[in-house]
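Annotated features in Swiss-Prot:
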type	residues	note
MOD_RES	Ser494	phosphoserine
REGION	436-457	region 'Calmodulin-binding'
REGION	453-492	region 'Disordered'
TOPO_DOM	1-21	topological domain 'Extracellular'
TOPO_DOM	43-68	topological domain 'Cytoplasmic'
TOPO_DOM	90-153	topological domain 'Extracellular'
TOPO_DOM	175-275	topological domain 'Cytoplasmic'
TOPO_DOM	297-304	topological domain 'Extracellular'
TOPO_DOM	326-357	topological domain 'Cytoplasmic'
TOPO_DOM	379-401	topological domain 'Extracellular'
TOPO_DOM	423-508	topological domain 'Cytoplasmic'
TRANSMEM	22-42	transmembrane segment
TRANSMEM	69-89	transmembrane segment
TRANSMEM	154-174	transmembrane segment
TRANSMEM	276-296	transmembrane segment
TRANSMEM	305-325	transmembrane segment
TRANSMEM	358-378	transmembrane segment
TRANSMEM	402-422	transmembrane segment
Amino acid sequence: MTDKEESNHSSEVGAVRSLQETPTWALATVCFFFIAVSICLERLINLLSTRLKKNRKTSLLEAVEKLKSVLMVLGFMSLMLNVTEGEVSKICIPIKYANRMLPCRKTIKSHNDVSEDDDDDDGDNHDNSFFHQCSSKGKTSLISEEGLTQLSYFFFVLACMHILCNLAILLLGMAKMRKWNSWEKETQTVEYLAANDPNRFRITRDTTFARRHLSSWTETSFQLWIKCFFRQFYNSVAKVDYLTLRHGFIFAHVSSNNAFNFQNYIQRSLHEDFKTVVGISPLMWLTVVIFMLLDVSGWRVYFYMSFVPLIIVLVIGTKLEMIVAKMAVTIKENNSVIRGTPLVESNDTHFWFSNPRFLLSILHYTLFLNTFEMAFIVWITWQFGINSCYHDNQGIIITRLVLAVTVQFLSSYITLPLYAIVTQMGSSYKRAILEEQLANVLRHWQGMVRDKKKTIQTPDTDNNSNNNNGDIDSGESPVQTEVASEFRFSGRQSPILQEIQIQEKTER
């Protein structure tokens with residue numbers, strides 16, 4: 001190899017190549033990989049949606065659709081950053097403004113240092129051209145192409161963290177409710193019915209529910225708040241709480257039917273709440289912009305912000321425990337002697353602003369702040385390393401990470417399940433969930449009717465069928481009787497039941 005060939009060969013080693021200088025096999029391999037991964041992810045999401053639709057998980061299906069919308073917004077932002085990074089880099093601003101409100105002051109370089117770096121690095125000519133365009137005017141670029149690329153990475157990390165945090169919310173919440181299933185099954189046993197005989201008189205203070213929430217050192221409101229604050233960390237929903245709240249809900253909304261599956265209703269209610277917390281509102285995006293604006297060196301905004309989600313989650317958990325405790329106090333004040341199970345009163349006045357959904361809105365905002373906090377920590381560690389100015393104080397970073405994980409666990413495993421059951425003590429209830437259970441009963445009955453009609457082949461059976469139809473005309477159908485006994489909405493007839501009655505008359 002001649003000296004000239006060696007010189008050309010050495011100049012090609014490590015050189016930055018455009019696509020027209022890239023081997024086609026390399027280009028095709030990279031394209032195939034990203035296309036395959038994208039198609040697999042799209043198929044998995046569609047498969048999940050189909051599965052949820054087949055199992056009639058309406059709330060979770062809507063949550064998946066909302067999550068897809070969030071990912072679409074994040075994808076559009078990343079795409080716009082990549083497409084417009086060249087034009088944005090051409091925007092020049094005075095240097096005096098560029099040196100204000102910096103997140104890391106020690107990384108600022110002088111013009112001479114930058115020029116020397118540019119001379120040593122011939123691979124960044126495209127980015128350097130924008131720098132020289134601005135420097136020739138005595139200005140600097142608003143944000144470099146490298147900065148825009150790093151920002152697009154942040155949106156990618158935020159999307160991944162948003163998915164992981166919401167998945168943790170759903171899985172931990174359902175794990176918390178799994179043990180409630182055994183309590184629900186216990187309500188159908190003879191022992192439970194005997195222990196909660198409606199004809200049995202008991203002193204209110206001697207009931208298990210009252211003994212759990214009432215004591216000598218909870219007579220003042222402050223003492224009760226302190227007790228409820230610590231209670232959320234251990235046994236936040238006791239068995240007696242579940243059974244008492246179940247009895248109050250059934251008495252208020254489902255007549256006196258003890259066969260109602262309250263645990264299944266609460267689980268579907270959690271799915272409804274999950275559908276709410278999975279989204280990202282414009283106010284939340286505005287919060288992201290504000291925190292990026294205030295991320296100035298020495299202000300430690302993110303450190304102080306990391307305590308906000310923890311405080312809010314603890315306050316909401318304490319408030320929910322207080323609602324249950326005040327129900328026990330109300331029962332004691334109204335009745336010294338009760339019959340059967342203590343009856344809690346369903347009323348929106350238990351909640352702030354008489355609005356149970358207000359707590360969920362605050363919790364939704366808090367969960368997003370926590371997700372943003374974890375995404376930011378992962379992003380700065382990935383992009384700038386552990387030796388960057390963001391990690392000057394390792395203790396602060398560790399504290400922020402521990403607080404974020406703690407908030408995620410508390411809100412997912414304790415606060416949201418507690419909210420799902422306590423908010424059923426409001427004046428209203430999620431009628432759509434009850435209607436969905438009712439619809440399942442109707443579908444089961446309709447399937448039985450179709451199977452029975454297929455077996456009718458003789459005139460005798462046809463006559464019997466006509467006689468049965470006559471019975472239906474003169475009264476209620478079997479499904480109407482079953483549904484009416486299963487779901488009696490405090491004397492109000494279900495719209496689905498009314499629709500089925502009209503449909504049956506039309507078919508006949």
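Every residue, even glycine, has its Cβ placed from backbone N, Cα and C.
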Notebook entry, point to check: Could you count the residues of the topological domain 'Cytoplasmic' (326-357) that DSSP puts in helix, in strand and in coil?
Noted result: 17 helix, 3 strand, 12 coil
Notebook entry, point to check: Which numbers of helix, strand and coil residues does DSSP report for the topological domain 'Extracellular' (297-304)?
Noted result: 4 helix, 0 strand, 4 coil
Check: For the topological domain 'Extracellular' (379-401), DSSP counts of helix, strand and coil?
Finding: 17 helix, 0 strand, 6 coil
Check: Can you name the far-off residues of the same chain, 6+ from the ends of the transmembrane segment (69-89), with a Cβ under 8 Å from a Cβ of it?
Finding: 127, 130, 141-145, 148-149, 151-152, 155-156, 158-159, 162-163, 278-280
Margin query: Please tell me whether the transmembrane segment (402-422) and the transmembrane segment (154-174) touch - that is, whether there are at least 3 C-beta pairs under 8 Å between them, with each pair 6 or more apart in sequence.
Written below: yes
Checklist line | Candidate ranges 22-42, 154-174, 305-325, 358-378 - greatest C-beta contact count to the transmembrane segment (276-296) (under 8 angstroms) | finding: 358-378
Next item on the list: May I ask for the residues of the chain that lie six or more residues beyond the topological domain 'Cytoplasmic' (326-357) and have a Cβ under 8 Å from a Cβ within it?
Entry: 196-205, 207, 209-210, 212-214, 224, 243-245, 247-249, 251-253, 319, 423-428
Check: Over the topological domain 'Extracellular' (379-401), what is the model's mean pLDDT?
Finding: 87
Item checked: Secondary structure tally of the topological domain 'Cytoplasmic' (43-68) (DSSP, helix then strand then coil) -> 23 helix, 0 strand, 3 coil
